[in-house]
């Protein structure tokens, strides 16, 4: 029985995902590769212990989403896997002199922050699990303790080798520990504040992302406010790479809106103490609460958030005026794109909402129409106006956050209307307490694009979310629902026909996109691309987690490490030896042989 529970489809797919990344790591990233392997082993052992336990000790601490597995393995390795794939990509840039070593070092520190957050949460889960279970001396317990100890050793050695100062290594370890402690406290608050809304793996993914994002804000603010910290390397400028105005505006908006509910809650508590009203449910109290909400929201968005943006980026004008100037700098293209988006959104929302009220079409198919709408909206913008699309994604996410806050708090006059509208498109992963489907779709499309800013030598990587969700997931659901017969498992609903349709549709879309992108310097290795598409398709078929959140990140990571060939026409004056010298990024001898054979066949 234990062996059958160990061999699950989701774990096999995640193991292949990690193996593909580790296989692609160059020698310069050996410590990161080793730590990722240890993290994967620790996460797998914790998940096996939790899922195999008959007493289910974690249920005494967390109320997770019903019907979902723990998802610890997938949730723990996804973001660290993304960071290692970015490191592989950045190492290629450094070897080709297209990027500086400082950016690679900053990205390495960001990886260690990410892995430390996941490691600390896993160590916390180990602690509470083995405190409640009777199997404290089992093999998984020893494996978990060994992984934690080895990770700490690898982390210390990695930073000690890079610096001759013991204080520098101690400061870095303290910085990592603070992120890990914050991750533990945050995942506790998420699972207790939103019970039955997420699995442990989903909560771990959100926790690691938020801790990194807030840590980035604090580090950037500290380095801007206290320049002497940078000189003494006490803060070590962990995220000191140059930021664009768009990224600062997006980060300020999102963090401000994430912190706003806590501010609003404290203000309501203060008003309730000083109010003479005997009941909290009176109409006057509802109106008072709504007024406080809109006034405080305006203060945060107009005063507090722009002040932080000015501190970090040194805008010459108010940041929102900068946004207006940015949009009007190319009025024909960007305003036309805005009009096109508004028309598509209006027509789609009105049409699908009316269908949801009067038709017997399955809700899952109605929700997939929005995936197709995302393709029609984002693909043209990503090809023609990628920087403007970055800003548009940030604005859309800010609007979604505001609407969700209004819905949860039932703020007059939009609270009830938004709640009724959202209920028309929710599924089993959404609750009245928290609706996550629209967030996961938007972030699934946006994150690969945001992660691809800067150096990007894999042209399909920014399209990872759009391809996997807008095309692959949609075709898999539609074909599987209408024509699927052969199921992947006896208890699941996913079919082999649907998965095959999703994989085929993504490959077809890639064959259309590559010529449109006009990337004449790159020749895609289709076997490598097929592996990436297949792994993401199988993950969609097997996982019980929130696929909109995990699949784009997994697909993006695999696209970053896909093998491509650089083509240099004879007019460029580059001979075979010079071309081959640029392939130092590839440490695998078999891939070097493949390159030489391919070049011989091309006659170069």
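Glycine residues also receive a Cβ, built from the backbone N, Cα and C atoms like all the rest.
TrEMBL does not curate its annotations; it predicts them automatically.
Copied over from TrEMBL, here are the features:
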| type | residues | note |
| --- | --- | --- |
| TRANSMEM | 71-89 | transmembrane segment |
| TRANSMEM | 142-161 | transmembrane segment |
| TRANSMEM | 196-215 | transmembrane segment |
| TRANSMEM | 248-271 | transmembrane segment |
| TRANSMEM | 332-353 | transmembrane segment |
| TRANSMEM | 365-385 | transmembrane segment |
| TRANSMEM | 391-412 | transmembrane segment |
| TRANSMEM | 433-451 | transmembrane segment |
| TRANSMEM | 463-484 | transmembrane segment |
| TRANSMEM | 496-517 | transmembrane segment |
| TRANSMEM | 523-542 | transmembrane segment |
| TRANSMEM | 549-568 | transmembrane segment |
Outside the transmembrane segment (463-484), six or more residues from its ends: residues with CB under 8 Å to it:
362, 364-365, 368, 371-372, 374-375, 378-379, 382, 441, 444-449, 493-499, 501-506, 509-510, 513, 533, 536-537, 540-541, 547-548, 551-553, 555-556, 559
What residues elsewhere in the chain lie close to the transmembrane segment (496-517), defined as a C-beta under 8 angstroms and at least 6 residues from its ends?
383, 459-460, 463, 467-468, 471-473, 475-481, 483-488, 524, 529-530, 533-534, 536-538, 540-541
Quick one: do the transmembrane segment (196-215) and the transmembrane segment (71-89) reach 3+ CB pairs under 8 Å, ignoring pairs fewer than 6 apart in sequence?
yes
Sort out for me which stretch, of 71-89, 365-385, 523-542, has the most Cβ pairs below 8 angstroms to the transmembrane segment (433-451).
365-385
What residues elsewhere in the chain lie close to the transmembrane segment (365-385), defined as a C-beta under 8 angstroms and at least 6 residues from its ends?
330, 333-334, 337, 340-341, 344-345, 348, 352, 355-356, 392, 424-425, 427, 437-438, 441, 445, 449, 462-463, 466, 469-471, 473-474, 477-478, 481, 516-517
